[in-house]
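> Let me give you the structure first, and then I'll get to my questions.
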Amino acid sequence: MTTVIPLDQETNQLNASSQPNETNIEDYDEFRRPPILEICLKHQSATQFAIADAKVDLNKNNLCPCCGQPVILTQLPLTASILDFSFNGPGVSLYFDFLVFSSILISTFIIICGIYDIIASSLGETCQLLNELGELECIDNFYSQFAKSNQDNKDVDIAGSVLNFITTLILIVLLFLYRKRINILANKIDEKSILASDYSIIVENIPRDAKEEEIKEFFSKINNHEYKIQKICMGFQIQQYLQILKQKQDQEKTFTKILECERLGKPIPPQLPNKVDLTQTLDQLANQLDKYEENFETSFQFSGVAIISYNTEDEANAVCKFFRATRLHLILSQVMRVIGQKDIRRFRDNVIVVSKAPEPGDILWGNLGVTLLEQYKRKLITNLATIFLLGICFGILFGLSYGQFSMTDTGKGEELSQAEIIAITVLGVIASVLISIINNILAIIIRKFAELEAPATKTEYDISAAKKLGFAQFLNTAIITLIVNLVIIKEGEKSYYAVIKQGGLNQDVMLIFITNGIMPWLTSIIDPFYLYKLFMRFQIQSQGQTCNVTQQEANEHFAGPMIDLSKKYAQLGKTLLFTFFYAYLLPLGPVLSLGSLLVIYWVEKFLLLRRDSKPAPTGSEMAEEMIDFFGEFTLLLYAIGCLVWETILNETIFPLTWVQFAIAILNFLIPIDTIFDSFWKTEDISTQEFYDTQCYKFWDDYDRRNPITAEKAIETFLKNTTEAPQQQQVDGRGNIVPKFQDYKKQDKKKKNKNKNKKEN
């Protein structure tokens with residue numbers, strides 16, 4: 001672990017808080033007014049992206065009554081390794097690693113092709129010759145001088161084509177090596193901590209009338225092997241409950257507005273409901289929620305999904321291996337069913353799906369009751385809606401480009417006035433900024449679409465949103481810009497002129513490169529939502545006992561923004577696709593993208609360690625899916641770009657470019673990820689610790705994440721960990737360790753390879 005620096009004085013003093021409003025765990029009320037500032041500060045500290053202080057005794061003053069997390073934390077330095085993020089699972093660590101790898105991919109192009117292309121383009125005189133001949137108005141500036149179109153394009157650039165081919169081969173090797181690196185990093189991070197997911201499996205498609213005892217009996221004895229089950233967390237269909245809860249939260253915010261108007265002596269807006277009626281509504285909603293929570297076993301229908309925790313990780317892995325079903329297994333299961341043979345892989349008559357459980361915070365409990373067929377229907381609808389949105393974007397950009405074309409269409413041989421040149425440039429800047437704004441709007445809408453698909457886990461949601469958003473933003477940024485510039489040309493004008501002319505493709509794309517290099521990290525720093533949080537924190541602290549917001553609202557304001565991996569990966573994927581598609585045409589563009597990624601890395605790392613709150617722990621699936629999707633598309637679009645630009649600029653294609661394209665197609669079509677998983681992916685080393693000796697160390701567990709059982713489970717957990725506060729400490733990863741135990745022993749690896757492991 002790297003050297004750490006302490007939190008600010010205000011946060012660290014929470015341990016010795018002397019406020020008279022000290023709230024017991026069982027007395028915590030998320031809807032109380034005014035909020036208790038001590039709890040707000042505890043929640044702020046507990047949700048920071050930091051590690052638990054190893055020297056702190058556990059007691060109710062050092063635990064957040066809202067989320068059950070320790071409040072005495074130690075910040076990591078800005079120079080911390082990504083392996084130091086292991087306390088939050090592999091998800092965040094692998095994102096930063098993917099950010100570094102993206103920089104390596106772009107650097108590889110710059111070293112092999114970019115330097116040569118920039119020098120060759122700068123030595124060209126095509127733009128100057130066209131001006132002298134009077135064929136085209138071409139402004140000799142940096143984005144035309146360092147563009148491939150400025151090079152002598154009478155003959156194919158053989159050296160450039162060879163370098164592009166070599167770059168493609170090297171990128172394929174790098175992508176393969178990075179898949180292996182992800183696997184190694186994920187295993188290293190997993191070895192650093194023992195989590196509830198290590199011992200757990202998730203089972204889907206269980207009959208919905210099955211009871212917990214029946215499930216326990218079925219999964220305790222499999223294929224004549226006995227397995228010890230420690231806990232079963234049932235998933236319920238809770239959509240209606242969540243709707244009532246959200247309705248109550250919304251009504252509480254409305255009630256806050258009414259109280260705020262009364263405090264300031266302002267008239268209550270007519271659109272707000274009557275205070276008495278609203279109070280009655282809140283009481284009714286609270287009673288409905290209480291009835292659900294008190295009788296949840298009879299109030300909710302079982303969703304068919306259960307998380308089962310075994311006493312050892314080897315037992316969980318063995319059960320997963322036994323139920324692992326290929327398409328052939330499913331077909332044979334159907335055949336056995338027809339001929340009357342019993343298939344022990346079925347639960348009653350249902351084919352069950354068994355896999356290692358995701359992290360507790362990764363599960364979206366409200367979506368567990370949605371069937372696969374319903375999910376596929378929703379995905380089809382959201383995909384069609386995304387295509388419709390891109391059509392609207394195309395219309396907006398087409399209008400701006402047509403305005404540029406109208407200004408440049410002054411007749412052959414006529415020079416543009418200075419005012420017209422300025423107007424064309426301004427329209428180009430507006431178009432590039434508008435593309436950035438549209439991309440942000442797309443991010444909001446596509447995320448809503450991903451929610452409508454009702455995925456079972458946050459990782460599935462992030463993967464769906466990142467793929468849709470990244471590719472949609474690429475189409476909006478790169479392809480629509482290309483189509484618009486090649487469609488709106490003068491009659492008889494060459495496509496080559498549409499690239500190099502003033503207000504043409506070169507200018508538009510270079511302005512997009514510049515905008516794309518600034519906006520992502522700038523909008524992260526100047527976050528209006530975070531500024532609003534700061535304003536609300538000041539209001540809550542200054543108003544004191546007259547504050548009208550609820551405890552839950554106050555806690556949300558004091559918690560920092562949470563890193564959104566789907567949006568981050570989408571932005572990164574779009575940058576890769578856009579950069580490599582236009583790399584051949586504008587070799588200066590990848591240099592700008594590389595500089596942007598370096599700034600993004602340090603800005604996001606600073607914000608994560610000093611401002612953001614820690615997200616729920618996630619696994620390595622997100623990073624694996626992103627490298628498969630964006631990595632393969634990057635290679636393909638790089639090859640397509642080389643074909644397109646050679647066709648437009650040279651009106652012929654060098655044979656080696658066709659070979660490059662064929663290799664990229666094969667790489668895209670062949671399931672490289674499946675081949676890698678079959679031959680090179682290494683399995684996680686199982687921990688040899690027992691669940692019943694480790695469970696009290698878990699700061700995150702399934703029953704504490706399940707909305708129905710969370711309140712009671714958190715209360716029980718906090719009581720259990722505070723019964724003997726003088727005999728327990730937490731280590732650097734937030735795990736509880738006995739004080740009498742030699743702390744040096746905790747530094748040893750908790751996971752050892754079982755050399756005599758038997759396979760069932």
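Glycine residues also receive a Cβ, built from the backbone N, Cα and C atoms like all the rest.
As annotated by TrEMBL, compositional bias 'Polar residues' applies to 1-23. If you look up TrEMBL, you'll see 1-24, 723-760 marked as region 'Disordered'. The annotation transmembrane segment is assigned in TrEMBL to 94-119, 158-178, 380-401, 421-449, 469-489, 509-532, 576-603, 653-672. The domain 'CSC1/OSCA1-like cytosolic' feature in TrEMBL is assigned to 198-367. What TrEMBL records for 375-609 is domain 'Anoctamin transmembrane'. Residues annotated as compositional bias 'Basic residues' in TrEMBL: 746-760.
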> Near the transmembrane segment (380-401), which same-chain residues lie under 8 Å Cβ to Cβ, leaving out any that are not at least 6 residues past its ends?
427, 430-431, 434-435, 438, 442, 445-446, 449-450, 452-453, 468, 472, 475-476, 480-481, 483-485, 487-488, 508
> Summarise the model's confidence over the domain 'CSC1/OSCA1-like cytosolic' (198-367) as a mean pLDDT value.
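PLDDT averaged over the stretch: 82.
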> Six or more residues beyond either end and a Cβ under 8 Å away: which residues meet both conditions relative to the transmembrane segment (653-672)?
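Distant contacts of the transmembrane segment (653-672): 156-158, 161-162, 164-165, 168-169, 172, 175-176, 179, 628, 632-633, 635-636, 638-640, 642-643, 646-647.
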> Near the transmembrane segment (158-178), which same-chain residues lie under 8 Å Cβ to Cβ, leaving out any that are not at least 6 residues past its ends?
101, 104-105, 108-109, 112-113, 116-117, 120, 148, 584, 627, 631-632, 634-635, 638-639, 642, 646, 654, 656-657, 659-660, 663-664, 667, 672, 676
